[in-house]
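**Q** These came from TrEMBL, pasted as-is:
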{"type": "BINDING", "residues": "166, 233, 236, 406", "note": "Mg(2+) binding site"}
{"type": "COMPBIAS", "residues": "7-28", "note": "compositional bias 'Low complexity'"}
{"type": "REGION", "residues": "1-58", "note": "region 'Disordered'"}
């Protein structure tokens with residue numbers, strides 16, 4: 001269903017304003033309370049909707065904001081933004097900048113990934129390194145972090161920008177990191193010089209090594225319940241990235257503990273749902289055999305959403321289309337599938353921090369019969385928001401703590417596309433307690449609709465005591 005709907009969107013004009021698609025189908029904008037009095041957990045969950053004093057988005061009566069004589073920043077916020085009372089707060093500039101910045105980051109990643117895949121495996125020049133926890137890291141991770149940091153600081157003022165991000169500069173600043181740092185600096189400057197193509201400003205001269213390190217170090221905020229900060233995962237799914245498969249660039253804005261907007265860049269996400277079942281190397285091979293028509297949207301997108309608007313959008317990559325045009329954006333919606341027999345569920349590829357056996361048992365108990373869609377990174381969130389899958393379940397192994405940058409952008413996009421995201425106790429994810437999702441009840445469950453969500457919660461309760469997690 002999702003694939004068919006996408007094909008229609010690709011040729012359709014931009015949707016006209018109408019009542020929120022999420023509300024029209026009966027999906028809540030905020031996670032519902034499915035716990036029931038018999039579970040005795042109501043008091044543990046924070047209110048699922050923002051307090052009445054929360055700021056609302058203000059974009060004018062037409063729902064559009066002009067950003068220049070030659071282009072229009074299209075944003076049709078049907079839901080009216082955050083909250084329903086109090087003062088109005090305009091996040092349109094932040095949303096516009098975030099989409100443009102993630103588009104630049106996608107270009108950097110595509111270039112680095114292409115170089116990695118072309119490198120001779122035996123040459124030792126692949127550019128893949130290991131962190132202290134043995135997870136991979138590449139030039140793209142540091143390059144994107146430095147690029148996003150510089151662009152946001154340039155756009156909003158250095159003193160006004162606070163960023164929580166995954167990478168630090170320890171490896172690059174070491175005596176053994178000189179050559180690696182040079183590669184990162186080259187990747188950053190190679191993208192920043194093209195920033196005007198994305199509607200952003202380039203630096204007056206190339207950044208030096210010190211400038212790049214400073215941009216990376218700036219991303220050292222620890223988050224918390226007060227104030228405004230950006231949350232960045234420069235390359236979510238680095239393992240998929242180095243293997244030529246799926247990965248995502250994730251950027252979100254959090255204010256006073258609430259995720260107010262999210263942007264996901266998914267450079268390898270195919271526009272045809274069927275291609276999600278194939279490894280990207282095979283997709284690349286087939287693309288060479290039968291190249292896509294010039295100017296067609298065959299893969300790659302940037303998704304974005306603002307909390308409270310009741311809609312989410314996607315647009316093609318500037319790197320592939322050659323220009324950024326808001327008129328190319330298309331609204332995305334979750335699937336209408338509610339029968340578990342027809343539903344598809346996503347789970348992480350990696351087994352190190354997720355239990356495939358437990359999710360397989362849950363899938364069977366609720367009647368899911370389709371093979372799981374194992375996808376790297378927050379592309380799983382994108383798949384649900386776009387209607388290509390209906391369920392995402394993740395239950396971490398003991399000792400693993402979920403980080404806010406792995407979920408913030410994806411959660412708000414699914415919710416505004418009409419879906420539901422909570423922990424396994426039915427509580428909203430709490431992004432106000434630092435870099436970790438503290439207080440998480442067992443795992444994370446994202447669904448396209450309320451009925452599937454409730455059935456998964458009930459299955460977790462019924463089987464948890466017999467699990468080994």
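Here, residue 1 is simply the first one shown, and the rest follow in order.
Placed from the backbone N, Cα and C atoms, the Cβ positions cover glycine too.
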**Q** Other than 166, 233, 236, 406 themselves, what residues in this chain have Cβ atoms within 8 Å of the centroid of the Mg(2+) site's Cβ atoms?
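**A** In sequence order, the nearby non-listed residues are 232, 234, 235, 250, 377, 378, 403, 405.
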**Q** Of all the binding-site residues here, 233, 236, 406, which one's CB has the most other CB atoms within 10 A?
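**A** Top count of Cβ atoms within 10 Å goes to 233.
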**Q** Tell me which residues of the chain lie with their Cβ under 8 angstroms from that of residue 166 (Mg(2+) binding site), as long as they are six or more apart in sequence?
**A** 141, 145, 232, 233, 234, 403, 405
